[in-house]
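Enquirer: What TrEMBL shows for this protein is this:
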type	residues	note
TRANSMEM	107-129	transmembrane segment
TRANSMEM	141-159	transmembrane segment
TRANSMEM	165-185	transmembrane segment
TRANSMEM	192-213	transmembrane segment
TRANSMEM	246-269	transmembrane segment
TRANSMEM	289-310	transmembrane segment
TRANSMEM	330-351	transmembrane segment
TRANSMEM	363-383	transmembrane segment
TRANSMEM	389-410	transmembrane segment
TRANSMEM	431-449	transmembrane segment
TRANSMEM	461-482	transmembrane segment
TRANSMEM	494-515	transmembrane segment
Amino acid sequence: MASSSAFLTGERAVVALFIARIVFSIPQSLLYESVSLSLLSVLALSVEITVDASSSLSPFKTRPGASSGIFLGAVTLPGLMVSKLIQMSRAISLNQVGSEELENLQLLYWVTSASCYTVLAYFCFNFYHQSDSKNCATSRCSLSCVALYFGVCCVSFVVKFHIGWYTAAILLWLFSHGFAAVKLIQNILHTFPACASIGEVLLVTVGLVIYFGDMLACTAAKSHEYFTASKVVTVPYGIQRSEVSVIIQGLIIGLLLFPMLFKYTLQILERVSLVSSSDTADNHIRRSFVFYISLSCVLIIAVPSWMQLVQDFHIHPFLWVLDFVLSEPLKRLSLCIYWLVGIYVSVIRFYNISKSSKIERILLRKYYHLMAVSMFVPALILQPKFLDLAFGAALAVFLILEIIRIWRIWPLGQLVHQFMNAFTDHRDTDLLVVSHFSLLLGCALPIWLSSGFSDRPLAPFAGILSLGIGDTMASVVGYKYGVLRWSKTGKKTIEGTAAGITSVLAACSILLPLLATTRYVQNWFSLLFAVTVSGLLEAYTAQLDNAFIPLVFYSLLCL
C-alpha cells in the first residue's frame with residue numbers, strides 16, 4: 001500500500017490527465033506524433049519513479065525539498081508542440097495556412113521530443129549501469145521505450161521522405177539536438193548545484209537547445225546558398241520571421257552567450273597581466289571596465305550584425321526599434337510611461353514593506369503577480385506587437401542585471417544582490433535568482449507562441465490568467481482562510497485551489513466579450529477542464545509553478 005501511494009502522487013496524476021487530454025485530441029494525420037508522445041510519457045514516468053526511489057543521481061545536487069519532477073519536465077514542451085500541431089491542422093482544414101507551416105511545426109516537435117528522449121535515455125542508462133538490480137521492471141520498461149521511440153521516429157521520416165540522404169540528415173539533425181541537450185543539462189546541474197530540480201533544468205535545457213538550434217539553422221540558411229537550396233534547413237526554418245522576433249532572439253541569445261565570452265576575455269587578459277585574479281578593489285574596477293566594454297561590443301556590434309544577416313532591416317536594428325515605437329507615439333509612449341510609473345511605485349513600495357513589515361514573503365510576491373495583470377492585459381488587447389517587443393526588452397534587462405549580480409560587477413553588483421534578496425524565496429539561491437525570470441517568461445511565452453495563426457482567443461492570456469489571477473488568489477485565500485490541505489505534508493489547501501479556479505473562470509467570462517471579434521465559440525467544458533488541471537497542478541506540484549503552469553494551461557487552451 002505504501003509503494004502504491006508513493007507511485008500515485010498528485011502531481012503524476014495531473015500530468016497524466018494533461019497528456020491524456022492531448023493524446024485523445026490528436027487527429028489521425030498525426031498518428032506518429034501521438035505514439036511518440038505516449039512513449040515519451042511512459043519513459044519519463046518510469047525514469048522519475050526510478051530516480052525518486054534511488055540515489056543514482058547523487059552526483060547532481062538538486063533543489064532541496066523538491067521531487068525530481070522528471071515526468072512533468074519531460075512532457076511539457078513536447079505536449080505543447082503537439083497542441084500547436086492540432087491547432088495548425090485546424091488552420092489547414094480552414095485554408096488559413098499552407099502545408100509547409102505544418103511540416104515546419106512537425107519537425108520542431110520531433111526536435112523537441114528527441115532532445116527530451118535523449119536526456120531521459122542518459123538518466124536511464126546512468127541508473128541502469130549504477131543499479132545492482134539491472135533486471136528491474138522499470139529499467140526494462142525505460143529501455144524498451146527508448147528503442148520503440150527510435151523506431152517510430154525512423155518510420156515516420158522514412159514514410160514521409162523515403163529512405164535517402166535527406167532522411168539521414170534529418171535524423172542526424174534531431175539527435176544532434178539530443179546530444180547538445182545532454183551536455184547542457186550536465187553543465188547546468190554542475191554549474192548551479194541545488195538551484196533547481198531535474199525537471200526544471202530539463203525544461204530549461206530543452207528550451208535553450210531548441211532556441212539555439214533555431215538560430216544556427218536560420219544563420220546557416222541565410223549565410224550559405226547551398227543550405228538555402230537544399231531542404232535541410234529550409235524545411236524547419238523557412239517561415240518568414242517578423243522583425244520583432246529576430247530582435248528578441250538576437251538579444252536573448254547574445255546575452256546568454258556573453259558570460260562565456262567575458263570569461264574567456266578575462267582569461268586572456270590575465271595571461272598578458274592586464275588584469276589579475278586577486279580580490280582587490282583596483283582589480284574589481286578593471287574587471288568591471290572590461291565587462292562594460294565587452295557588453296557594449298556585443299549589444300552594439302555583434303548582435304545587430306546577426307540581426308541584419310537574417311533579416312533585411314535596411315537600418316540599424318535598434319534604430320528600427322525606435323522607429324517602431326514612434327510609429328504610434330501616443331499609444332506606445334503612453335504605455336511606456338504607464339509601465340515605468342507602475343514599476344517604480346510598486347517596487348519602491350513593496351521593497352520598503354519587505355524591509356519593515358512582517359507580511360509573509362509569499363504574499364508580498366503575489367502583489368507582483370497582480371501588477372503583471374494590470375500592466376499586461378491592456379497592452380495585450382490594444383498593442384500586442386508592442387507588448388512582444390517590451391517582453392523581450394524586459395527579459396534582456398533581467399539577464400543583464402543577473403549577470404551583473406552573479407559576477408558582482410562594480411558598482412552595481414552588490415546593490416542588485418541586496419535588492420533582489422528582498423524578494424527571493426526558498427527556490428532562489430545566491431548562485432541564481434530565478435523567480436523574476438519565471439514570472440516574466442510565464443506571462444510572455446503564451447503571447448509569443450500565439451503569433452501567427454491563433455483560433456483560441458484566450459490562449460495568449462494563459463500566463464497572465466494562471467499566474468496573475470489564479471495563482472495569486474489561490475495563495476491569498478489559502479493562506480488566510482485555508483483549512484483543508486491536499487496532503488499532510490504540503491501547504492496547499494483545497495480552499496485556495498477552489499478560489500484560484502473560480503477566479504480564472506470569472507476572468508475568462510469577462511475577457512471573452514472583449515475578444516468578441518473572433519468567430520470562435522468557447523467550449524466551456526474544455527475551458528473548465530483546462531482551468532481545473534492547471535489549478536490542480538499548482539496545488540500538487542513541488543516544481544517552479546511559474547514555469548510549468550502557464551505552458552500547461554496554454555497547451556490545453558489550444559486544443
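Every residue gets a Cβ built from N, Cα and C, even glycine.
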Enquirer: Sort out for me which stretch, of 107-129, 246-269, 363-383, 389-410, has the most Cβ pairs below 8 angstroms to the transmembrane segment (289-310).
Expert: 246-269
Enquirer: What same-chain residues lie close to the transmembrane segment (431-449): Cβ under 8 Å, and 6 or more beyond its ends?
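Expert: Same-chain residues near the transmembrane segment (431-449) but 6 or more away: 80, 84, 192-196, 245, 248, 365, 368-369, 372, 376, 380, 384, 387-388, 391-392, 394-395, 398, 402, 405-406, 420, 423-425, 459-464, 466-468, 544, 546-547, 549-551, 553-554.
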Enquirer: Top stretch among 107-129, 192-213, 330-351, 461-482, 494-515 for CB pairs under 8 A with the transmembrane segment (246-269)?
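Expert: By Cβ pairs under 8 Å, 192-213 leads among 107-129, 192-213, 330-351, 461-482, 494-515.
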